[in-house]
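Pulled from TrEMBL:
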- 96-119: transmembrane segment (TRANSMEM)
- 182-204: transmembrane segment (TRANSMEM)
- 210-230: transmembrane segment (TRANSMEM)
- 323-344: transmembrane segment (TRANSMEM)
- 364-385: transmembrane segment (TRANSMEM)
- 405-426: transmembrane segment (TRANSMEM)
- 457-476: transmembrane segment (TRANSMEM)
- 488-509: transmembrane segment (TRANSMEM)
- 533-552: transmembrane segment (TRANSMEM)
């Protein structure tokens, strides 16, 4: 056993497929090569997303509702396609190779996008203040570039963060402690890239040229990929233990339905399960029985009880499916918060264009640059959360994370409600200033500083330290080991669906509120609309959603799995700390 003391205990391997050496692979020294890519990728994404609504209206001359809808649809696609990328990674190529191929597609999309905004022939022209509409070929080229980028994101987003988390051995106490901070600092680098984009790139786009504003992050993305591949020899890789890990999501409900007339044993230990040695030898983790979704337990009724020769599914397979279904319920109540977040790059930006953006006699703040306060508040809040809040709460609660993952989400959702309430109040004031000064024209500047919008941006940034990081960690932590890439897509797809939902709401609200001679809540002329009504609508929805979240989270049962030390075959339970510790096993 001494000869193997330096190998990782979680069955990870190096690039050549050999058991990974703990001293020479993984940990933060490997993550250093990964976070560089994340920072540049976020800079590229937000360099496009932060100001896309302005590009569509000012350069392609789309109307407000169409531009908001198109931004939401594209952003939604960027966050939805990771479902496909995760399936490919978990079932076929693995995280490293799926990321590798997808990153090349991502760079291709950014390159095409830089070409689209740089060449005059690919943009509509203006003459004497009259601008032509974009031609079909111009629109087709631009959106082809955008959606090529979205396809590439599908394979990079779910795999780069999980590859980073794989660099820490859960069976090593020191590395497990390091991993507890991983997602906080991972998102810190993500926020850093977004901050540079919303503060610097947006200014370059509007003042020095769109081509330069897109070309810089494209070059940065290429450089980050080079850095990523330099670190290849020290990365750890999880070995797939099954070819189609997601198939149990189908098999378990079918088996449970087939056995629906059978009686469940009163003692869960009578359900079918492999012996402990099976999990030790295969490198998989065993899940222990939980009382949630008891109907699915019928899929694990033993053969002699069922009177059939069909081999039942194991408790571990059933519990893995329970986890996914339980996470799906949590996922549903994250959609409204994702819809609130979608306002940052759409209506908040358009709202800012109507306000006084002058900072001194010669400098005008780009409306999209106010998004930098979201990321700045995140950058300041993450170290405070990790270094002060967590240790303080850990002393109070005894929980290794300070607070549970769902408590973290609840705090974030509550802060977000305060943010949208402030957004509503600021918009009410903006409408009052418009009325008092009679500035209802579509290009009139409301005599009100754009910095009135700053509190809502800052609060959404603080909320995201709880929301975004909490969701990413929750879905990674609670996923079955073979489906952690797929589990991470709960996080990305929630944001994607939130964008689609916002697109749908904006379209429907515009159609319904603008019927007949009524004033639309979201019109081309925001100075003669009722955006305050829309924010009030979102406030009511998010408040109701918080109540539903509290009810769902109070019934969620965290996963209970074995944490093995191979040398002694000692098995410990990891999961909800409130569960009975007597259920731990030792052989």
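From the backbone N, Cα and C atoms, a Cβ is placed for every residue, glycine too.
All TrEMBL annotations are machine predictions without curation.
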Inset, instruction - Determine whether the transmembrane segment (182-204) and the transmembrane segment (533-552) share at least three Cβ pairs under 8 Å, counting only pairs 6 or more apart in sequence. - result: no
Legend entry - Intrachain residues whose Cβ lies under 8 Å of the transmembrane segment (323-344), provided they are six or more past its termini: 72, 75, 249, 287, 292-293, 296, 371, 374, 406, 409, 412-413, 416, 419-420, 423, 457, 460, 464, 467, 471, 474-475, 478-480, 483, 487, 490, 493-495, 497-499, 501-502, 505, 538, 541-542, 545, 548-549, 552-553, 556-557, 559
Inset, instruction - Could you tell me whether the transmembrane segment (405-426) and the transmembrane segment (533-552) have 3+ CB pairs under 8 A, leaving out pairs under 6 positions apart? - result: yes
Inset, instruction - Could you give the residue numbers and ranges of same-chain residues that sit at least 6 residues beyond the transmembrane segment (457-476) on either side and whose C-beta is under 8 angstroms from one of its C-beta atoms? - result: 161-162, 165, 183-184, 186-187, 327, 330-331, 334, 337, 340-341, 344, 348, 370-371, 373-378, 381-382, 385, 405-406, 408-409, 411-413, 415-416, 418-419, 422, 484, 487-491, 494
